Amino acid sequence: MATDKIVSIADLQAAASKILPSSTREFFNSGATDQVTVHENSAAYRKYRILPRVLKDVSNVNTTIPLFGRDIAFPLCVSPAGLQGMAHPDGELATSRACAKYGINMGVSSYANHSVEQITTAGNEVAPIHHVMQLYSMKDREKEKRIIRRAEAAGCKAIFLTADSPVLGVRYNEVRKTFQPPAGLAYPMMEKTSEQIQQQSHDDGFKSFNDDSHSWAREIPWLRSLTKMEIWIKGILTPEDVETAIEYGCDGVIISNHGGRQLDETPATLDVLPACAKVARGRIRIHIDGGIRSGNDIFKALALGAECCWVGRPMLWGLAVS
Ligand SMILES: Cc1cc2nc3c(=O)[nH]c(=O)nc-3n(C[C@H](O)[C@H](O)[C@H](O)COP(=O)(O)O)c2cc1C
Ligand SMILES: CCCCCCC(=O)C(=O)O
């Protein structure tokens, strides 16, 4: 499809899906087991209709919102997603430049194929942009500390602790295709070269780093003792966990099910948003991701209690066609 004919995220997905090799396409597009949650994340937005009031002056609308100490252009940011080098050689550098160009913020995955220093520099060369550093709870706490220190020194404003991944989701397509990151891609934040990555299966790689004994009491005070960056929890789906995040003094939560890639048959994030926003009562920031594919979707999420939306796959599809 000619890029000037791409007018929607569905078009972008179709165009990217034609270009990408099948194992990359499936790694990006699919989710865990039967992908019930992948589909419901987007379907949930179709359950709501928009009732407009008319004869309102819209000649001068302001879509900005404050986030991490400055205004972003509109209530959308780019979720942390690993392995962007599979979509485009510039990977996260290109994402950072695009976010800067459009005045929004970016999450940097611990499994980025470029370093946080390179990524923050790339965006800031275009325009001022804020980044957040995504973290998993790691077995090697010294390595985790080094990631935090590097992120802080590179100017990141927050840690997004991903809380929904004690183990990597069971993704049938990754098993069927024996998914392996392509040779040549490294994880500089995890201090892993391409050669080291190739020596392990994708799943074993994740297991070898990830600490499945994680807990609120272990992670949050420890992170707080190490950094002045804001601490957000990514992957919350219940009002009870919003309340716990408040008790632990977290700055924000991302209502997220990891785009349906972790535990399948968790509810669509939009469906749990109102109850989560209700308990927050302005005591903690509430953002959302999962299945957001249009301005209408952003409008609905904001109407149901989110302050800002984040997107994962649309950015990967954009990288693939650029
Ligand atoms: C290919 C891919 C890689 C991802 N990698 C990470 C990651 O490293 N860390 C993380 O917290 N979430 C990761 N995510 C989840 C995203 O941050 C986000 O929660 C999800 O993509 C949002 O759903 P959407 O893709 O429907 O917009 C990844 C998602 C995709 C599609
Ligand atoms: C060993 C690499 C794991 C990358 C994990 C990225 C991720 O969170 C995902 O959803 O995939």
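Here, residue 1 is simply the first one shown, and the rest follow in order.
Just so you know, glycine gets a Cβ as well, placed from its N, Cα and C.
TrEMBL: automatically predicted annotations, no manual curation.
Fair warning: this is a prediction, and the values are worked out from it, not measured in the lab.
DSSP assigns HIS258 (active site, proton acceptor) to a helix. Taking all protein chains in view, 25 other C-beta atoms sit within 10 angstroms of the C-beta of HIS258 (active site, proton acceptor). The active site, proton acceptor annotation in TrEMBL covers HIS258.
Taken from TrEMBL, the feature FMN binding site applies to 80-82, SER109, GLN134, THR162, LYS234, SER256, HIS258, 289-293, 312-313. Every protein chain shown contributes to the tally, and the Cβ of GLY312 (FMN binding site) ends up with 22 other Cβ atoms within 10 Å. DSSP assigns GLY312 (FMN binding site) to coil in the three-state reduction, outside any helix or strand.
In three-state terms derived from DSSP, TYR136 (glyoxylate binding site) belongs to neither a helical nor a strand segment and is classed as coil. Sequence-distant neighbours of TYR136 (glyoxylate binding site) (same chain, six or more apart, CB under 8 Å from its CB) are SER110, LEU161, THR162, SER165, PHE209, ASN210, ASP211, listed in sequence order. Under the heading glyoxylate binding site, TrEMBL lists TYR136, ARG171, ARG261.
Here TrEMBL flags 1-322 as domain 'FMN hydroxy acid dehydrogenase'.
The recorded positions recorded for this entry are ARG171, HIS258, ARG261, and the Cα of HIS258 lies nearest to that of ILE292 (FMN binding site). In the predicted model, residues of the domain 'FMN hydroxy acid dehydrogenase' (1-322) average a pLDDT of 97. For ligand 1, the nearby binding-site residues are GLY82, GLN134; that is, of GLY82, GLN134, TYR136, ARG171, these have a C-beta under 6 Å from one of its atoms. With a cut-off of under 6 Å between the Cβ and any atom of ligand 2, the binding-site residues GLN134, ARG171, ARG261 reduce to ARG261. Sequence-distant neighbours of GLY82 (FMN binding site) (same chain, 6+ apart, CB under 8 A from its CB) are SER109, SER110, TYR111, ALA112, ASN113, TYR187. In the three-state DSSP scheme, LYS234 (FMN binding site) is classed as strand. With TYR136, ARG171, ARG261 listed as the residues that bind glyoxylate, the site has a largest C-alpha separation of 19 Å.
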